[in-house]
């Protein structure tokens, strides 16, 4: 299956990491450092929307048998980028060529950029795989393409050894990407993706890396577990353990639920609560995917709308639009009334540069190429200004009063949909927001406001993004919830392929 539907990963901004090797229990661990972001107030929300676009495809028991980490466990340290991308290092070939990859339970193929990728900018900004430099390379050549939420990658299959932590997986099929068709790949911090889903959704039915690790007896048990560090100031982004779990990373016992459909790690979720009050939405059960490659929590529009209403969240575009009306509405009105050409208004106001202005009466939407060239302030407010100019100009033709015009454009702002369903909240109100509770395996898993709100920037530049995003997956596979990194940061997660189950315990 070549298509999945969504990956929400906030990429696009600079980060520096330093590798500090250390050893314990005979296992290699790598300490990591990260640098904080400095974003411009609410204008940065427009860039947040782009960061939410995907870079990969979408479409109750206690612990008894899970071992503690030992020599036979394989531990991969994870880097945390903006609490949105968790990625780590692998090697491909002999000697190993190193790559940063997202370990993604929502897909099943391994792909990295190829040295034969000549016409994609993304390949030039990341590490290449050079088959000629590997003693263990085996030619395959089968062509393939994977369509993603924000573009696609295409290339061909090859076979080589893959080093994950301290183990070497032999004869692993993977994709050499020769074309990456999206700006989000250019600016992403990772080189490629290592899928940890089931073979059922693997392109060309290629055996996933995890399956080969089990078949080649490289792990103690057919279990891997994620710990995602929720501390924004911590050096370590998290840890992925192959072959068991690390008891330091959770408290109590895991609650296990069976995998209901192989492909994604799909489970059943029960009733859903907002502030302790049942929504009744999932009383009869809802399907959910546990997905380490998704940053936020995605769910059906009807329920997410209720949640975002309860926490006072507003659509990103609506916020931008209303901000322009509040600060610049009077000036825009005066310029239009005085006869200034509509195409020149936003540049005179100072929200657009001359090159941003549309050459026609329509709105010229900001493209990915323009977003690379312009700042978040330019792209966000310029687009909102252009919309308002056209709305006000149309009302002036109808000889509407100023009061009626501004009432009308405010209503239009309220009605603006966010293309990806994302919303922002007032950062000052987080302490009064309700808890959100999921029922899994007849147990409650609660997220507090501090846990489901994603913050970027500091001080007046702080933006608070709702962790809940509306996303409708149609039948027969949907409707589905996607429990992404926001959920997995709070609850240590065990993926048990031997017993086809997923376990959750409070992260430590």
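Just so you know, the numbers here start at 1 and follow the chain as drawn.
Using N, Cα and C of the backbone, Cβ positions are placed for all residues, glycine too.
What TrEMBL says about a protein is an automatic prediction, not a curated fact.
Record features, source TrEMBL:
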- 104: active site (ACT_SITE)
- 291: active site (ACT_SITE)
- 117-123: disulfide bond (DISULFID)
- 282-286: disulfide bond (DISULFID)
- 86-505: domain 'Peptidase A1' (DOMAIN)
- 316-356: domain 'Saposin B-type' (DOMAIN)
- 378-419: domain 'Saposin B-type' (DOMAIN)
- 1-18: signal peptide (SIGNAL)
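Nearest neighbour of residue 117 (disulfide bond) by Cα distance, taken over the recorded positions 104, 282, 286, 291: 104. Distance from the CA of residue 104 (active site) to the CA of residue 286 (disulfide bond) is 22 Å. Ranked by CA distance from residue 291 (active site), the recorded positions 104, 123, 282 have 104 at the top as the closest. Distance noted between the C-alpha atoms of residue 104 (active site) and residue 282 (disulfide bond) is 26 Å. The highest number of surrounding Cβ atoms within 10 Å, among the active-site residues 104, 291, is found at 291. DSSP assignment over the domain 'Saposin B-type' (378-419) gives 34 helix, 0 strand, 8 coil. Here the CA atom of residue 123 (disulfide bond) lies 43 Å from the CA atom of residue 282 (disulfide bond). Secondary structure of the domain 'Saposin B-type' (316-356) per DSSP (helix as H, G, I; strand as E, B; remaining residues coil): 33 helix, 0 strand, 8 coil. Proximity of residue 123 (disulfide bond) to non-local residues of its own chain (separation of 6 or more, Cβ distance below 8 Å) is seen for 113, 114, 117, 177, 178, 180, given in sequence order.
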